[in-house]
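Asker: For reference, Swiss-Prot lists these features for the protein:
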TRANSMEM  3-23  transmembrane segment
TRANSMEM  38-58  transmembrane segment
TRANSMEM  80-100  transmembrane segment
BINDING   GLY91, THR94  Na(+) binding site
TRANSMEM  113-133  transmembrane segment
Amino acid sequence: MNTGATLIELLAVALGGGTGAAARYVLDTHLKSKHGWAPLWSLAVVNLLGTVVLGLVLGYTSQHLDGAAGSTSAGETQDILYPLLGIGLAGGFTTFSTVMVEVFTRPQPARRIAGVVGMAVVCCAVFLPALWCGALLAGA
């Protein structure tokens with residue numbers, strides 16, 4: 001059993017990740033500069049969109065990977081979708097670590113603690129349902 005990633009999968013992750021990171025930068029910059037959004041709000045929107053995309057990818061690939069097992073070319077196409085769109089694009093687009101940097105660079109320590117608690121609540125209350133909704137939309 002081969003548990004390592006193939007070169008094609010690695011290239012798919014790199015291509016998706018670069019595209020996702022560039023898209024995140026464009027959207028985050030646009031929301032902050034053109035609409036005056038605070039950094040945490042723009043990053044929350046980015047992460048919410050990325051989480052829905054991940055749910056869509058997970059839902060689609062989980063439904064179609066099972067059916068593609070009999071066809072080699074269809075199976076290979078399906079096999080590359082998750083590394084490209086799930087790990088790469090959605091992973092590069094979402095930026096939970098940047099949110100934590102924004103939280104921890106706040107000047108008042110009390111706001112840092114509130115930010116961490118707030119992110120934990122938001123992750124459970126918003127992002128998990130968004131992932132689930134994306135998977136439902138994809139038919140999983």
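The backbone N, Cα and C atoms fix where each Cβ goes, glycine too.
Remember, it's a predicted structure, so these values are computed and weren't measured experimentally.
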Asker: Using a Cβ-Cβ cut-off under 8 angstroms and a sequence gap of six or more, which residues of the chain neighbour THR94 (Na(+) binding site)?
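Answerer: Spatial neighbours, sequence-distant, of THR94 (Na(+) binding site): GLY20, ARG24, VAL46, ASN47, GLY50, THR51, LEU54.
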Asker: Can you tell me how many other Cβ atoms are located within 10 Å of the Cβ belonging to GLY91 (Na(+) binding site)?
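Answerer: Result for GLY91 (Na(+) binding site): 18 neighbouring Cβ atoms inside 10 Å.
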Asker: Which one, 38-58, 80-100, 113-133, has the most C-beta pairs under 8 Å toward the transmembrane segment (3-23)?
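Answerer: Comparing 38-58, 80-100, 113-133 against the transmembrane segment (3-23), the winner is 80-100.
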Asker: Which sequence positions outside the transmembrane segment (38-58), separated from its termini by at least 6 residues, show Cβ-Cβ distances below 8 Å to it?
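Answerer: Distal contacts: 20, 24, 27-28, 31-32, 81-82, 85-86, 89-90, 93-96, 98-99, 102-103, 115, 122, 126-127, 130-138, 140.
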